[in-house]
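Taken from TrEMBL, the feature domain 'Cadherin' applies to 27-133, 134-242, 243-350, 351-455, 456-565, 580-677, 719-778. Per TrEMBL, signal peptide is recorded for 1-29. Under the heading transmembrane segment, TrEMBL lists 681-704.
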Amino acid sequence: MSNTLENQNASLPLICLLLCGCALDRALAQIRYSIPEELEHGAFVGNIGEDLGLDVAKLSARRFRIVSGARKQYLEVNLENGILFVNEKIDREELCELNPVCFLHMQVVIESPLDLYRVEVEILDVNDNAPSFPWSEFNLEITESAAPGSRFPLESAQDLDVGSNSLRSYLLSANQHFVLDIQTRNDGSKFAELVLESPLDREQQKTHEMVLTAVDGGSPLRSGTAQITVTVLDANDNVPVFDRSVYRVTLVENAPRGSLVLKLNATDLDEGANGEITYSFSGHAPLKVRELFSVDSFSGEIRVNGIVDYEKASVYELYVQAKDKGPSAVAVHCKVLVDILDVNDNAPEVILTSVSTPVQEDAPPGTVIAVISVMDRDSGENGAVDCQIPSNLPFRLHSSFKNYYTLVTSEFLDRELISEYNITLTARDLGSPPLSTRKTILVQVSDINDNPPRFVQPSYTVYVTENNAPGASICSVTAFDPDFNQNAYLSYSILEGEIQGMPVSTYVSVNSDNGNIYALRSFDYEQLRNFQIRVQAQDAGFPPLTSNVTVNVFVLDQNDNAPVVVSPLPKNGTLATEVVPRSVDAGYLVAKITALDADAGQNSRLSYQVLQATDPGLFSVALYTGEIRTIRRFTDKDATRQRLVILVKDNGQPPLSATVSIILSLVDSVPESLSDFDLNLYLVIGLGSVSFLLLITILVTIVLKCQKPKPSKAAPPKYLDINKEKGELYILEKIDRELLCPAKTTCFLKMELTVESPLRIFYIELEITDINDNNPHFRRDTIHLDISESTIAGERFSVSNAVDSDVGSNSVKTYYLSESEHFDI
């Protein structure tokens, strides 16, 4: 590396900072720096963090990064202090070749929120290359008859530097015959022609040697030299003549090798070898021209010899010379300008500068997903690019400025419908025919907790046989959540409540992971026939969402209760006795066995049979009513004291049973009138019947001549009693229908009225009708619901029902909601 570069590196880099106005969009912000080439690693470029007005402490957290299309990462940023520094030494000549200006284009991408900045770093040239000639020695043959003023093109020197550091002039060593004429091409490059200033004399001096020096404009100057040897030839009277001094033709780029560009025509008035012309490139024809084109030395045809690319050069200057084959031949020159016509041979290039994925499904419309840049190396319409994405996707392309696009959301996303999108971006130029490039952008949608759990059933009905083992599984509830990961992880719990005044948690529990519900105690159908629990499913999102479901549990009866005989009952520790007149006929009702079974259904259906009897052929018992009747008339031989053992059996599997013994005394006659204490009236209220609520008074008039009813010796009724004098049935205790018949639409109180001497049975039904004596009420004074703000209109949320102990038209009929802006029922 030259001392010049070292001196430049010793000074601070020249920094040119350009910040766009505050009115510009974030995506249009631009900053520019200028630095010399060949800086060492770590060289300071600028504090880009401060220049962009950013909080340097947050650069790392916001994923500050530089994106460049260059093959190498020439520049890098220290995220701790925001300084932009040289990461790899920059060779301007390698990066931009001979372009007069050289920019390194980059983009700065910062997230949270997404900000974009354009950064241009101008690479300034340093004079690190000296001019050089393609050959170190040139040989020219000039006839001694050449007239003063004759010109002879010289090979051009090349300098890889640009601007003031590029080739500026040529110098010729002192001599008596030649001077230099320095000319400028259309592109600004310099070339020299050797001009004969005084005639040559071969006889005096056959050769002339000079030194040609090429000098650049750098500081200090750099130079290169070549040796020029001129051989003086004998005279040749005529020189070739081109029909034009300048030719201009057009050539389509990518023309195949061998394509004819132009056929030159030069004439020479001499004859023989002196009139035979050969064509070749002039000495100062650039090397690049010699690589792309060839000249046929005999025909003068210029043909394509390489790949002609409009994007590298739109015009070429060819310098061709013609020379005859005579002695002391003098070359004549012409210039050929080849204009290259652009064809649409470059498809657009698509560069994803930044992609923010995944994107949350609740991201508002207009959220930036990706920043895209496109370029087309063609020109005009061939280089104009239009970008499109499918119209059926919830995304749109916005053009922020020329050849830059942002991919944004056009509506809210729903991960539960589509979790990722493959967006095909098509970049098409406006050439004919158009060329296009497709690039697929994968956009993943991240989940938010916007879906509450949903149970697979609106409610559950479960049947559990009583006497179950504690800890046994009684059912399982299942909910699902269409969200993802933690937002879809569900846990189950039982909501607080009471069953028969005890917390529901003492009756059942639920496995929080799988929704299995377990009984914590053994259920007794006779104590608890059904109950209701509320199970809640809650996800693990933030905030968590919940749903509830009702589980109705019905306890099924088992035959675990044996029949209980309630009438007749032993008296004072002795067997029950009944008096039977001997004069009665067959079929006479002697007594009635009344038994109850606390079970239900078939388990409570009772049957009666005589198990033992003093005289098996004298008495029978009805199978289902328990009525004991005579089979035949009595005779004198029949024992006065008859003992019966009655078996009462239910219909369960296996059946359970009970026995009762009764003593029947046969008497000749029965007194016409017995004291109140000798008459028995059995008023039996079946314990297995349905209970009812309404207060009602029923007058029962029993017209019994010569008979006086009396309450039986069975257990006294709780609610009703009978006036034995008037035969009136009256309310003994106030009846609460809701207490006796909860949730039953009809309520009947069934009774049997038994009168003795002779024994007769009457069946009575009392309907307890409902009155509207209960207000509807909720189980809780406050109902709390957690609802996500992203919940869409129309979403439904269940709330606990109100409870009204009344039935029919007196029960809950409708609900009303106070005025609300957001909710309705």
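In case you wondered, yes, glycine gets a Cβ from its N, Cα and C as well.
Just so you know, TrEMBL annotations never went through curation; they're auto-generated.
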>> Test of understanding: applying the rule of at least three C-beta pairs under 8 Å (pairs 6 or more apart in sequence), is the domain 'Cadherin' (580-677) touching the domain 'Cadherin' (27-133)?
In response: no
>> Please count the residues of the domain 'Cadherin' (456-565) that DSSP assigns to helix (H, G, I), strand (E, B) and coil.
In response: 7 helix, 52 strand, 51 coil
>> With helix taken as DSSP H, G or I, strand as E or B and everything else coil, how many residues of the domain 'Cadherin' (351-455) land in each class?
In response: 4 helix, 55 strand, 46 coil
>> Give me the DSSP three-state residue breakdown of the domain 'Cadherin' (243-350), ordered helix, strand, coil.
In response: 10 helix, 47 strand, 51 coil
> On the 0 to 100 scale, where does the mean pLDDT of the domain 'Cadherin' (456-565) fall?
Replying inline: 94
> Reported in the order helix, strand, coil, what are the DSSP residue counts of the domain 'Cadherin' (27-133)?
Replying inline: 14 helix, 43 strand, 50 coil
